[in-house]
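Okay, so here's the structure we're looking at.
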Amino acid sequence: MARVSVVFSDVSIAFSQEEWESLDLEQRNLYKDVMMENYHNVASLGCFISKPDVISLLEQGKEPWKVVRQRKPCPDSETKDETNQVFSENGIYEMNLSQWKIMERIGNSGLKSLLLKNGWESRRKQERQEDPQEGYLSQVRHTSERVSSYEKRALTTRQRIHFVEKPYECNECGKAFRVRQQLTFHHRIHTGEKPYECKECGMAFRQTAHLTRHQRLHSGEKLYECKECGQAFIYGPELRAHQKLHTGEKPYTCRECGKAFRVRGQLTLHQRIHTGEKPYVCQECGKAFRQLAHLTRHQKLNVVDRLYECKECGKDFLCGSGLRVHHKLHTGEKPYECKDCGKAFRVRQQLTLHQRSHTGEKPYECTECGKTFSRGYHLILHHRIHTGEKPYECKECWKAFSRYSQLISHQSIHIGVKPYDCKDCGKAFRLLSQLTQHQSVHAGEKPYSCKECGKSFRLRQKLALHQSIHTGEKPFECKECRKAFRLNSSLIQHLRIHSGEKPYECKECKKAFRQHSHLTHHLKVHTVKV
């Protein structure tokens, strides 16, 4: 009996590099499953001799787009036209990269139609022959059933993705995944396993795809170029993220504070600020970090005592970028200048934040009271007023603070150190900011002016407090009687009415007062008597 020749290229699917990199992990795994299934099914027919390059690459964990797949000529000239006819619509073709068209292309490979046609042709020839080849027909039927079984599993996989079922759960942290391979990759975070090593620099990676991308750093290969500005990138996702700079698109928004990001990864990292999640733990000291890069820098610090040292003053830094910014202190370099007022900055981020003082932009809004802020960090600090959170505690007296800077300032009370002296009057201060504020007294400088009435102030905080007179805002409310105040200090004094607290006591007559000003006024009574 003459058999219809089947070659693996007829039932394989070719991807260009760009197409392959646009697939997500589930699609790549499904592709690998299909190719291996097709290979075993066709091999079971005994139709080709050597293992195809694409199968070798997949077995080695390499990316299959590197292989240029071409059709091999059918060895049976009599059946060549028949084979081509079978695959005329299911051969290799240019692909539309919509998500499910890719999946359909993978799932609907022409293997089943070929095998069913082969089975029908075989049965037709069997009827014309006196000696049927039952063994071959059984093999065709069995292989057909295997392909049908695969198609059912492919459908199940697609359905599982559609309904977002995540059956594979990590025993270490409970995180769940849709695909088993994702769980395998994730496990390596906990075990620290990095089986793929770069031969150039020795750097190791958890996934072979990460190694492939890394190797482009050594080759200098930049395949992705921006059509707007001509800038080239090593990775496709880098180009896509860069293009959003031109469009201004920020599709990923934080539900907690409303901040928007160009890249989903930036949103994921940002959300850990709200959740407090720190998944990366140093096995040496137990310290945890929100980002893997922060853990990596920390671990380098443990290995090398002084990683990045300033040659001018000897100060050490965790990373090279920190040293470069610091070095501008010595050179006086301030390359980022504000076009509105001419003020210059060492760091671009400082300029961005400064420009909001001109535009009045305050993108961060408190969901509790509606107050807006120009910086996300200020919103986080403000939110602690509503929650009452005070995460920074003094180990000397156990007093707690909502800000780390407040704790540092407080600790100098116990130490008694005042390292900052005023050259004009000799007065000493615990903090440099206190000295700076004090020096404006000698200079007579009042740089902060109210736009409503023109009154000037030495401190920005004083201006902010003054402006509440014009706005009528009273954000500090007493929970006992609902009375509201412009100043937090006024609320604190008012609360003593309800609590009966009188912390200021006269040493002469032991009389106590709620406010320090009342004590000062009272002391005059004793002075007059003397």
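Don't overthink the numbers, they just go from 1 along the chain as shown.
Glycine is treated like the rest: Cβ placed from N, Cα and C.
Residues annotated as domain 'KRAB' in Swiss-Prot, with sequence analysis given as evidence: 6-77.
Residues or ranges marked as SUMO2 cross-link in Swiss-Prot (evidence: similarity to another entry): LYS125.
The helix, strand and coil residue counts that DSSP assigns across the zinc finger (168-190) are 11 helix, 4 strand, 8 coil. As annotated by Swiss-Prot, zinc finger applies to 168-190 (among others), with the evidence given as sequence analysis.
Sorting each residue of the zinc finger (196-218) by its DSSP state yields 11 helix, 4 strand, 8 coil. The zinc finger annotation in Swiss-Prot covers 196-218 (among others) and is backed by sequence analysis.
Using DSSP to sort the residues of the zinc finger (224-246) gives these counts of helix, strand and coil: 11 helix, 4 strand, 8 coil. Sequence annotations record features per position, and here Swiss-Prot assigns zinc finger to 224-246 (among others) based on sequence analysis.
The zinc finger annotation in Swiss-Prot covers 252-274 (among others). Long-range neighbours of the zinc finger (252-274) within the same chain, counting only residues 6 or more positions beyond its ends whose Cβ lies under 8 Å from a Cβ of the stretch, are 237, 241, 244-245, 290-291, 363-365, 376, 379-380.
The feature zinc finger is assigned by Swiss-Prot to 280-302 (among others), with sequence analysis given as support. Confidence over the zinc finger (280-302), given as mean pLDDT on the 0 to 100 scale, stands at 72.
For 308-330 (among others), the entry in Swiss-Prot reads zinc finger.
Look at Swiss-Prot and you will find 336-358 (among others) tagged as zinc finger. Under 8 Å from some Cβ of the zinc finger (336-358) lie the Cβ atoms of residues 325, 328-329, 374-375, all in the same chain and six or more residues away from its ends.
The annotation zinc finger is assigned in Swiss-Prot to 364-386 (among others) on the grounds of sequence analysis. Same-chain residues lying 6+ beyond the ends of the zinc finger (364-386) with a Cβ under 8 Å from its Cβ atoms: 257-259, 273, 353, 356-357, 402-403, 475.
Through the fold, the zinc finger (392-414) approaches residues 381, 384-385, 430-431 of its own chain, all at least 6 residues removed from its boundaries and within a Cβ separation under 8 Å. Per Swiss-Prot, the feature zinc finger maps to 392-414 (among others); the stated evidence is sequence analysis.
Residues annotated as zinc finger in Swiss-Prot: 420-442 (among others). Taken through DSSP, the zinc finger (420-442) splits into 11 helix, 4 strand, 8 coil.
Per Swiss-Prot, zinc finger is recorded for 448-470 (among others). Remote same-chain partners of the zinc finger (448-470), defined as residues 6 or more beyond its termini with a Cβ less than 8 Å from a stretch Cβ, comprise 437, 440-441, 486-487.
Below 8 angstroms of C-beta separation, residues 465, 468-469, 514-515 of the same chain, each at least six residues beyond the ends of the zinc finger (476-498), sit close to that stretch. Residues or ranges marked as zinc finger by Swiss-Prot on the basis of sequence analysis: 476-498 (among others).
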Residue counts (helix, strand, coil, in that order) that DSSP gives for the zinc finger (336-358): 11 helix, 4 strand, 8 coil
